[in-house]
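A.B. asks: Pasting in a structure now, in structure tokens, and then I'll have a few things to ask.
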Amino acid sequence: MKNTADITVLGAGSYGTALAISLASNGHRTMLWGHEPEHIENLKNDKSNEAFLPGIPLPDLLIPEADLATALAASNNVLVVVPSHVFGLVLTQAKPLLRKDSRIVWATKGLEPETGRLIQDVAREAIGDEFPLAVLSGPTFAKELAAGMPTAISIAGTDPQFTKDLVELLHSPKRLRVYANDDFIGLQLGGAVKNVIAIGAGLSDGIGFGANARTALITRGLVELTRLGEAMGAQASTFMGMAGLGDLVLTCTDNQSRNRRFGLALGKGSDVETAQDEIGQVVEGYRNTKEVYTLAKRLGVEMPITEQVYQVLYKGKSPVDAAKELLSREKKSETSSAE
């Protein structure tokens, strides 16, 4: 089947729209699907996504589409950008509509709720093993990417040609630098764990701790991410790159991060429900914390920061008590295999 679009993006939220804007601005005909017809109609009429990225115009090559069948027929390249808790549902709906030559890439960050499975496992359960899969990850705030500010990401996948094609498709000399990576597991894991550590950084700042504490959390958070990654077969070097250190620093230090702002609100005394309401959008790190904590316990991986964030979110522990417990842990060598 001949393509009528170079790529189809599933998910018309802030990040999906930002990636679609970047692709279309780079000369690629891009179809953007959203599950709410009224929202898609607004995109067409306003020529912008006022609900998520107000004031940023949509390029002429970006085509909003409310019909999933039409969107999936338009291109064999499918970029999924939906929250982790609906990822499986969206792909299950897409399965009978996919072309035989479809190739699936996602920018969804996180693990499957309840099970803690990697997104690749959710994808394979939903659509089978016959389609090439890939993931893109890295330090990206949707608003900056949509506005054309320089950004860098990494891509890894199951098929080298698909990865190469995605690099060519997404790379833009003016706005987006794309690195190929061969660590499919590592790129998926980095996007989940960084959300947990970002909540921890927000908690620390909300309590009133300073830059020293925040930096320590980021550094030791990177250790936790690397430790879990190696236990799952990822490469330690991956976490020194865009999907590890890059995403971690961005999410922990800038208030554009919903996860960081969520932690800030909790540190200042809000309860979980109020803090989520204040953000007004999905806080992936809330679910990710339980998933990462459960996964670490199952694998026997020590992740003390993750454990204390979990205790605050799900067991009602005060942020101050969580910080005290981290500080009072047994003294150990920084370079030992266990923290």
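Including glycine, each Cβ sits where the backbone N, Cα and C put it.
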A.B. asks: Have a look through LYS109, LYS164, LYS290 and flag the one Swiss-Prot assigns to the sn-glycerol 3-phosphate site that GLY138, THR140, LYS194, ASP247, SER257, ARG258, ASN259 belong to.
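C.D. replies: So, going by the record in Swiss-Prot, that would be LYS109.
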A.B. asks: In Swiss-Prot, the NADPH site includes SER14, TYR15, HIS35, LYS109, ARG258, VAL282, GLU284. Which of ALA69, ALA74, ALA142 does it also list there?
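C.D. replies: Swiss-Prot names ALA142 for this NADPH site.
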A.B. asks: Using other CB atoms within 10 angstroms as the count, which residue among the recorded positions HIS35, LYS109, LYS194, ARG258 scores least?
C.D. replies: HIS35
A.B. asks: Can you tell me how many other Cβ atoms are located within 10 Å of the Cβ belonging to THR140 (sn-glycerol 3-phosphate binding site)?
C.D. replies: 24
A.B. asks: Just the number: how many Å between the Cα atoms of TYR15 (NADPH binding site) and SER257 (sn-glycerol 3-phosphate binding site)?
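C.D. replies: Cα of TYR15 (NADPH binding site) to Cα of SER257 (sn-glycerol 3-phosphate binding site) measures 12 Å after rounding.
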A.B. asks: Applying a 10 Å Cβ distance cut-off over all chains shown, what neighbour count does SER14 (NADPH binding site) have?
C.D. replies: 20
A.B. asks: Which value in Å gives the longest Cα to Cα span across the sn-glycerol 3-phosphate site residues LYS109, GLY138, THR140, LYS194, ASP247, SER257, ARG258, ASN259 as recorded?
C.D. replies: 16
A.B. asks: Long-range neighbours only, meaning 6 or more apart in sequence with Cβ under 8 Å: which ones does GLU284 (NADPH binding site) have?
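C.D. replies: Counting only residues 6 or more apart in sequence, the Cβ neighbours of GLU284 (NADPH binding site) under 8 Å are PRO83, SER84, LYS109, GLY110, ALA192, ASN195, ARG258, ASN259.
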